[in-house]
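Student: Input: one structure, supplied below.
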Amino acid sequence: MTFNHKTIEELHDLLVKKEISAVELTQATLADIKEREAAVDSFITVSEEEALAQAAALDAKGIDADNLMSGIPLAVKDNISTKGILTTAASKILYNYKPIFDATSVEKLYGKDMIIVGKTNMDEFAMGGSSENSYFKTTKNAWDSSKVPGGSSGGSATAVASGQVRLSLGSDTGGSIRQPASFNGVVGLKPTYGRVSRFGLIAFGSSLDQIGPFSQTVKENAQLLNVISGNDPKDSTSSQEEVPDFTSKIGQDIKGMKIALPKEYMGEGIDSKVKETILAAAKHLESLGAIVEEVSLPHSKYGVAVYYIIASSEASSNLQRFDGIRYGYRAEGIENLEDVYVKSRSEGFGEEVKRRIMLGTFSLSSGYYDAYFKKAGQVRTLIMQDFAKVFEKYDLILGPTAPTVAYDLGSQNQDPVAMYLADLLTIPVNLAGLPGISIPAGFVDGLPVGLQLIGNHFDEATIYQTAAAFEATTDYHKQQPVIFGGEK
């Protein structure tokens, strides 16, 4: 028996009425994972034993009728710490690492009696846009196994898109939730920087990283964000801002909503069919009463360059802790202390991670700091100011999530710069610390296209309101890949 076509509210109803137990729902989810895993390779670890034990304890305690998430299974990206469950960040250097603590976001999941069924595959240390940089396996797109799933949260996206789980958590440093959501036709949101605690997230770029939800529908996405949001004394960058009910505006119409369409988001490098799909989505929002107008974000063209200096610099610092001494992989044939560091890091890190550590170390080095890192910080401020100016007059910004649909596996491995440029539409949102969502908006050559909606700081509720209005009047989110029972 499978329950993966049922919404969270429908599953909650079944659990409360005792038509199914938490153990039965967890067993069904584990069966869905096993059945589809060979086709998509979403998971690094399936935590069957822990999940079933948790479900059994919940059945003994009883489902809380007032807690929508009680007994709901989900998957978690493998760079989010889970006590006693392997957390590798898809790296050889952490191949055997079991944290002794839970990330705050995981604590919040457990606090709502949610059941973690496994840890999803990703690009190593979240560095990449295709999930091909994993030490363990290559995740495949849920719609076409010859295509990339996007990255770095590829496994979290394919787990939802293929019907293995209804919900998952990912992390987004430069588009790592939104781009795989776009490539797999699911809903993925990067919250405002500081909305969700980063404590327990294995750091890549500390001023950019943010944990966020994947789901089948907009409402379920908001329901999961309700669980994981809030201030955390363990994360000094987590916000004191009050957490609203993110579902509160869902169902409200969008008449008079002012939406900006930056001309830079529809320019050079954007596939013509993707552009047509997004313009059609903009027209559809206009038909619902929104006002869509063209604007300019002049400094967004520098976003990719700025991002790769800042993110790589932060990574070169953050990844110094993986030294072969405290935990994780240690090379053999060691003769002295320097050997421990050099060999363990050389053998333990993959090529892309080493590339970014070198780039970041160079950007921070004496003589280049002013020309690169300092300058990147100044341009980042200009990018933030561009957004602030637009949000003085507009409620949201609209554009494609990615410039293309999913591309062939292996096609960009030898050209890292081409892969970096694929994030040009998502990166500015991280640089400015803004919230952004990707929702299904159509298909090009049988592959999903994501519509990106960007909101002002801490205004996720307006993003969800507009995304839900679009979803309620289109059927793109109802179209499923063959692996999930869709039509060929």
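We count from 1, first residue shown onward.
For all residues, glycine too, the Cβ spot is worked out from N, Cα and C.
Okay, so Swiss-Prot annotates it like this:
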- LYS77: active site, charge relay system (ACT_SITE)
- SER152: active site, charge relay system (ACT_SITE)
- SER176: active site, acyl-ester intermediate (ACT_SITE)
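Help me picture where these features are in the structure shown.
Tutor: Cβ neighbour count for LYS77 (active site, charge relay system): 32 (other Cβ atoms within 10 Å of its Cβ, all protein chains included). According to DSSP, LYS77 (active site, charge relay system) is assigned to a strand segment.
The secondary structure of SER152 (active site, charge relay system), as reduced to three states from DSSP, is coil rather than helix or strand.
The Cβ of SER176 (active site, acyl-ester intermediate) has 37 other Cβ atoms within 10 Å, all protein chains considered.
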Student: Report the same-chain neighbours of SER152 (active site, charge relay system): residues 6+ apart in sequence with Cβ closer than 8 Å to its Cβ, ordered by sequence.
Tutor: MET122, ASP123, ALA126, MET127, GLY128, GLY129, SER131, ASN133, SER171, THR173, SER176, PRO180
